[in-house]
Amino acid sequence: MNALEALKAVEEKIRRGENAREDFWKLVGIVKRSKSVDEETLVRIAKIREEIFDKKLVLSLKSGTVIFASLVVLSNMLFLLISFKNLQFLLKAALLFAVESAVIYSSFIVGRLIGSLITGIKILGFYRYNPLELGMKLDIVSYLKAEQKNRVIFFLTPIVFENSVFLFQSLLLVYFNNEFYWVPLLLAISNLLLSYAVYKIKKTGELYRLIREIKILRELSEKPSAEKNQEHRKKS
């Protein structure tokens, strides 16, 4: 089934009032594996996404960028300030872990924003993911137009940035002989292990998306050689 056929099948399901979410993601997968898809098809896909997934923006991209970039800077400054304060051990550790929760959240979002700048995959703004957390709404047209390697980079960037922040904190504290270097190091390890657990058990999360896009990239890179071998066998 090609992209246009898959698109028509999804549109037909929606017209009949049936649940088309699973079919929609299959359509997205087909488009990613297609050599080229015309603009009209992408616009129709974007329209379907809006119908199926009602994600109303609660924060603009510009405001969100300012807020979360500021939060990364301020939370890291607060982390370092507490690290060098003369406090009781358990109190200091508890405060550092509390501050790191803001670092984790904000650095992930800033990592996504950096990925957007690098790859050209646009972010439209922020929607309410759950009562305590905002999600980032992607422009699906630019996402599907992007080269597959750029989709890999887009999902890789937040993981790298988030854990690089922890590594930087830990190395800085080691340099200054601060005994709390283990806090960001422990969080980096825990974060990676949790991401892997979510990937394996829940089949979701940023690591899941990254591995999914790497698999597609591998498929696409192997496809030309497979086609050449098939053509060679036909000639033989």
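Using N, Cα and C of the backbone, Cβ positions are placed for all residues, glycine too.
TrEMBL lists 57-82, 102-127, 152-175, 181-199 with the feature transmembrane segment.
Most Cβ pairs within less than 8 Å of the transmembrane segment (57-82), among stretches 102-127, 152-175, 181-199, belong to 102-127. Note on the transmembrane segment (102-127): residues 55-61, 64-65, 68-69, 71-72, 75-76, 79, 133-139, 142-143, 146, 150-151, 153-162, 165-166, 169, 187, 191, 206 of its chain, located 6 or more positions outside it, place their CB under 8 angstroms from a CB of the stretch.
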